[in-house]
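Visitor: Pulled these from TrEMBL:
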ACT_SITE  Cys403  active site, proton donor
DOMAIN    71-308  domain 'Orn/DAP/Arg decarboxylase 2 N-terminal'
MOD_RES   Lys95  N6-(pyridoxal phosphate)lysine
Amino acid sequence: MTPSIEVFQDEPIFESSLKTSVVAEISSSSSSSKDQLARELINRALVNHISGIDHEECEAGDEDSFFVCDLGEVYRSFGVWQQKLPQVQPHYAVKCNTNLEVIKLLASLGVNFDCASKNEIDTILNLGISPDRIVYANPCKTNSFIRHASKANVNLTTVDNAQELHKLKKFHPDCGILIRLATDDETAQCRLSTKFGCTLSAAINELLPLAKELGLNVRGVAFHVGSGAKDFDSIYKAIRDSRDVFNRAITEYGFEMSILDIGGGFELETFDESSSMVCSSLNKFFPADFVSQNGIKFIAEPGRFMVSNAFTLAAHIIARRDLDLKATFVSEEDKQVSAMVYINDGVYGNMNCILFDHQNPQAHVLQHKNKFFYHQDEESDDQKLIDDDAKGEHHFSIWGPTCDGLDCVASKCTLSHDVEVGDWLYFPNLGAYTSAATTAFNGLGGNSHIIYVCSEDL
């Protein structure tokens, strides 16, 4: 069966009028066929959009960078989670990517939500999602946001200090509380315990007795081992410490402890190892009889895990500067590249993840001399549109469009073609902590155009 392809541009794909639309008919359930279909859909979307741009006559902004989002990737990531951690209810970290189509898809799959602010709470509630599917996972909240959560019936939050308990007593006394523990996250790329989380001692000796004194409702424990962690022993230690808090909270203070929130930071590339550690640690410290006796449920806050692979960014080369490698002001590092290319996106735009999330976006040639090269290395010989004479290894540095010298996307990268002004590059796997943190610095940036495709029959 030949897959039918329908690309929706900036349209909600789950509205009733579109529910019967076949976005992609899947001929095979194998992962290889799904991957191939995904590439075909994304390639078609990229080619159609760029081919429709007249760079000589288009309006300002028509050639801006844009995303292609494959919702099928989100669906498959959720499937991996269900396969590896079926006992852990995911609460998608809205801050990671606030895309409404992603959120609606995840909600339809039964995923709940981790919100960190009034606006994120409102984003979820405005979609008609029940407030009991939200955990307000920010240990340090403004008073007005707490009052807003109370009015909105968002009744579960995290706490890591005494002042937060007093604020909850005053503004949301019936709220369920998860005590946020600090973790051993030294190996994480994005450490969180330097900012959030109390020590095990503080949780047991300070927060539990204070919560009891204030008549508050402690319902469980939360932690986050950081993003990009390589040492998954931190998960073991955090779950072990969580059990200690559960024991003391139940036996000494009579709290009905029923929730363990294992946080986020999970990545598809390392999920076999991290999920295995979660399972073995839960089995050891939260055995079935203890879980059943106390009605305990496990939740988590995955963000990048669900969306990172689902978004591909396309950017236009707006300028090129060839380097005089003999010039005295050219650094030794610059001498390793033949030219500087400037694109219409950068670290103040969708690639802010370079600065804030330790990401290293990988550039690939998308269009050169009116030929397209999306995923050329993975296509069969009869599918390639390769200009073999021009193909090779060409070394560039890539820069964003702003006037700031910090706006560097890659100080050195190797591209398959000697790209020029007017060509396009693409950057895969840019769904996490990208569009959510863009700025309008220099009057550039803003909400990027998104084309939706789906490589699953949803």
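Just so it is clear, glycine is given a Cβ too, placed from its N, Cα and C backbone atoms.
Unlike curated entries, TrEMBL annotations are predicted automatically.
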Visitor: Starting from the Cβ of Lys95 (N6-(pyridoxal phosphate)lysine), draw a 10 Å sphere and report how many other Cβ atoms land inside it.
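Guide: Counting Cβ neighbours of Lys95 (N6-(pyridoxal phosphate)lysine) within 10 Å gives 19.
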Visitor: What does the structure give for the C-alpha distance between the residue listed as 'active site, proton donor' and Lys95 (N6-(pyridoxal phosphate)lysine)? Integer Å is fine.
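Guide: So the alpha carbons of the residue listed as 'active site, proton donor' and Lys95 (N6-(pyridoxal phosphate)lysine) sit roughly 28 Å from each other.
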Visitor: Tell me, how many other CB atoms lie within 10 A of the CB of the residue listed as 'active site, proton donor', whichever protein chain they belong to?
Guide: 9
Visitor: Note the mean pLDDT of the domain 'Orn/DAP/Arg decarboxylase 2 N-terminal' (71-308), expressed as a whole number.
Guide: 95
Visitor: Return one of helix, strand or coil for Cys403 (active site, proton donor), based on DSSP.
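Guide: In the DSSP reduction, Cys403 (active site, proton donor) maps to coil.
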